[in-house]
Amino acid sequence: MNLGWLRKYFTRMTAFDKLKDNWFLLAIAIVISLADLAPFIGAKGGPLRPEITVKYCAVSFIFFNSGLSLKTEDLRTALFNVRLHVFIQGFTLICVPCLVWVLVHFLLMTPVDEWLLKGLQVVGCMPPPVSSAVILTKAAGGNEAGAIFNSAFGSFLGIVVTPVLLLVFMGSSSSVPFSSIFTQLSMTVVVPLLVGQVVRHFIKEWLERTKPPFGTLGKAVLLLIIYSTFCDTFSNTALHIDHYSLCAMVFIVFVLQVCLISFTFFVSQVQYFGFTPSDTVAIMFCSTHKSLTLGIPMLKIVFAGYEHLSLISIPLLVYHPTQILLGGVLVSRVKQWMQTAEKQRKEMAKGEEPPNTTPNSSSVEAPTDV
């Protein structure tokens, strides 16, 4: 009896299941293609009005969604995880700027445009984002409460620290409108998060019974942010520079992010720090991501009047979508590793002999294997 047709059917079904599991990556490719076809739609001032729908509505929804889905006791516990906060903030606002400074001085000996390299140094000085790191941490099943706290706290801290870092590394200084940026962060991060927690208190039983798809909703909003970001990137006339420097910068940014994510992945597992696997996931994304939402306004303020402001902005425009794309590719692998590591951790706590679950084992892929 010929069962070839049955084998083909299950093969197609398996391929469909794989496609369904990776729908987010497919959706990212689609929204990038749409942004390339008509960038004016999602660019600033376009019909989509991203300066309102993305900057305020999308970011606010992300943190309302987090406040609604996050257990209050988990958020309360995260506030006192001081070691995690110090590691993340210290790495993103001290270690990364210093590492990039060393890299830039090495790259100055290459033909890459000098102002693009200065823009890379600017990227290193930027604070963490208020949305993408949280969504990716949540999608990978990591410490969402810790990611929320560090994203919000890092953004507030960056208002003060980033101009100082730019002064130290770039020799640029300017007065920063602390009140307006502080107000924006409060309205788009803190208030929606608190409102979500209040609403959760009243509908907690319904949420636990129905289990709404918070993760899917967050990914859908992230797709809107990705679309808007690429619309801005494709519509930016400053991208008309020599192809060598631009391609080199894209490659440098990609390699830099892979190295930073790999470094934080392995260092955060050192027993001395005492981080859990879910903490490691939050560290990987929160410590290495940089904010475009805060970065562009700060660049326009700190480098006001600079002839090469557009060139300085390009590395940040490249870094932001790259971190989202790379994060989207790594989410499934990181989630698989975290689930295995958590299982091993529980078995060790029970005194059982755990299976081999190192990142290099056949069952788990390292997050750097892209």
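Each Cβ is built from the backbone N, Cα and C atoms, and glycine gets one as well.
What TrEMBL lists as compositional bias 'Basic and acidic residues' is 343-353. Annotated compositional bias 'Polar residues' per TrEMBL: 358-370, in sequence order. Annotation comment: TrEMBL describes 343-370 as region 'Disordered'. As annotated by TrEMBL, transmembrane segment applies to 21-41, 82-108, 147-169, 181-203, 215-234, 246-267, 308-331.
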Dominant neighbour of the transmembrane segment (21-41) in 181-203, 215-234, 246-267, 308-331, by Cβ pairs under 8 Å: 215-234
Stretch in 82-108, 147-169, 246-267, 308-331 most in contact with the transmembrane segment (181-203), if contact is a CB pair under 8 A: 147-169
Beyond the flanks of the transmembrane segment (308-331) by at least 6 residues, Cβ under 8 Å: 24-25, 28, 32, 113, 115-116, 118-120, 122-123, 126, 129, 132, 136, 139-140, 222, 225-226, 229-230, 232-233, 236-239, 241, 246, 249-250, 253-254, 257-258, 261, 285, 288-290, 292, 295-296, 299-300, 367, 370
Intrachain neighbours beyond the transmembrane segment (82-108), with Cβ under 8 angstroms and 6 or more residues off its ends: 114, 117-118, 120-121, 123-125, 127-128, 143, 146, 149-150, 153-154, 157-158, 161-162, 165, 169, 252, 256, 260, 264, 268, 273-275, 279, 282-283, 286-288, 290
